[in-house]
Amino acid sequence: MRSRSTPIQLLKLTVFVLLAITITLASLLPSKQSFLLFLSHHKLLLFSLLWCKLVALLAYARARPLPVYLLDFSCHKPGPDSRGSYEICEYFGRRSCKHSAESEAFMRAIYRKSGLGDETYAPPFIFQTDYKAKFQYAIVEAEDGMFSCVAHLLAKTDVDPSRITVLVAACSMFSPSPSFTSMLVQRFKLSPSVKTFNFSGMGCSAGTMSFDLAATILRRQVGYALIVVTESTSLNWYFGDNRHMLVTNCIFRAGTAAALVTSDPAQRERAKMEVVRTLRTHHGADDAAYNAAIQMEDEDGHVGVALTKDLVRVAGVGLRNHISRLAPRVLPVSELLRYVYNVARSFLAGDRKAVHVPDFTTAFEHMCIHAGGKAVIDAVGRLMKFEEEVVEPARMCLHRFGNTSSSLVFYELAYFEAKGRIKIGDRVWMLAFGTGFKACSVVWRALRDSRIDPDNPWKDCIHRYPVSL
């Protein structure tokens, strides 16, 4: 199928045609004076050309994509009674009597080398006495995180809920009815005209993909988009003995984040960052990529998410494909030329197996890298040839909060703010992977120096980080 031309492309074509007509007329006449004399005798033509150019320029100005700003964001931090330390998780696993001794030993080993600390937060049902994942606990977990985040966000941005025109809610593993967006509309009394979108099954990439969707909508019209990303671990705790599925019990933890983005030019002075570009790639056509992380039943009928041994390799392949598309759009010309030179030199030297990676630190001052697990962080750092200081925020986020799925990039951004590292003009790269297999990038430009907010989840512990792992 032929793709339709966008309004911007049509307007550019119109301006080009008008310019071509003007140049053609000028070239056909022997001199500049003749051209001016011709126009003076054909005032209707002159007026038509000027009028068409003016209309085209005005239309182009109106159809240009609007800048999109991150007004603010908020991350949920559960109370201390929700701490999911190693001892609590081991106690729950043994008292539930759902796992074999071999599975308990396996989870113990995975936990100890997972990179998680003892201050992550567990789902509510773990602290109950019946040791069963129930629907009511999943609702409590979702409402506690979402309502708390959004309330804090609206309070510190001072934006009336009625001004929100777009609402995006993302939760990969839990999709109740009414939906999460309906819960939020009902709780915060959003306008009846609000456009709502629910993401499910998107995995850890749902947070960045929510930004991509919101930015795409807001670039066309002035408005406000509320993004709420969470994950339900309450109904997705695995009670079987399949080792591929047991890993999720060891690394996934409770977490929620909310962000408010806008295309209102009047809010630029208050905004923290501006969206520079977004990029999404989907690698699900490959069987290995599709099955790398998949929800399924085990041999005994227990449902869980299987993380295969191929996951790290798939992430590496997906990342290479993703950055090959992103690099020409973000890297400076000097770095692109250096990369081309290195590739050409290796090729001419007969070393066709040499792997060259552009230096992305020349494009970004800060990077919120997918903190899906220690092995994933190691693989990204190795593939991209990052220094340890580049992957430090991802490791510290995994240590303090665990894998909070789609909200993890928000907790990393909060880490940068708590450290006061982001300065005006700095570029920030958010990169996340999702089941399917998907990769999504969001590139930001800071509009002001960062500072630690009162609701920053790192506020009471940032002085202890980074820690040695």
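Cβ coordinates are placed from backbone N, Cα and C, and glycine is handled just like the others.
Quantities reported herein were computed from a predicted structural model and do not represent experimental measurements.
Annotated in TrEMBL:
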DOMAIN    61-343  domain 'FAE'
ACT_SITE  C204  active site
ACT_SITE  H282  active site
DOMAIN    365-445  domain 'Beta-ketoacyl-[acyl-carrier-protein] synthase III C-terminal'
ACT_SITE  H366  active site
ACT_SITE  H370  active site
ACT_SITE  H399  active site
ACT_SITE  N403  active site
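Sorted by the number of other CB atoms within 10 A, the active-site residues C204, H282, H366, H399 start with H282, the lowest. With H399 (active site) as the anchor, the candidate active-site residues are C204, H282, H366, H370, and the one with the nearest CA is H370. Residue counts for the domain 'Beta-ketoacyl-[acyl-carrier-protein] synthase III C-terminal' (365-445) under DSSP, split into helix (H, G, I), strand (E, B) and coil, are 40 helix, 20 strand, 21 coil. Neighbours of H370 (active site), defined as other CB atoms within 10 A of its CB across all chains, total 26. In the shown protein chains, 26 other C-beta atoms lie within 10 A of the C-beta of N403 (active site). N403 (active site) has C204 as its nearest neighbour among the active-site residues C204, H282, H366, going by CA to CA distance.
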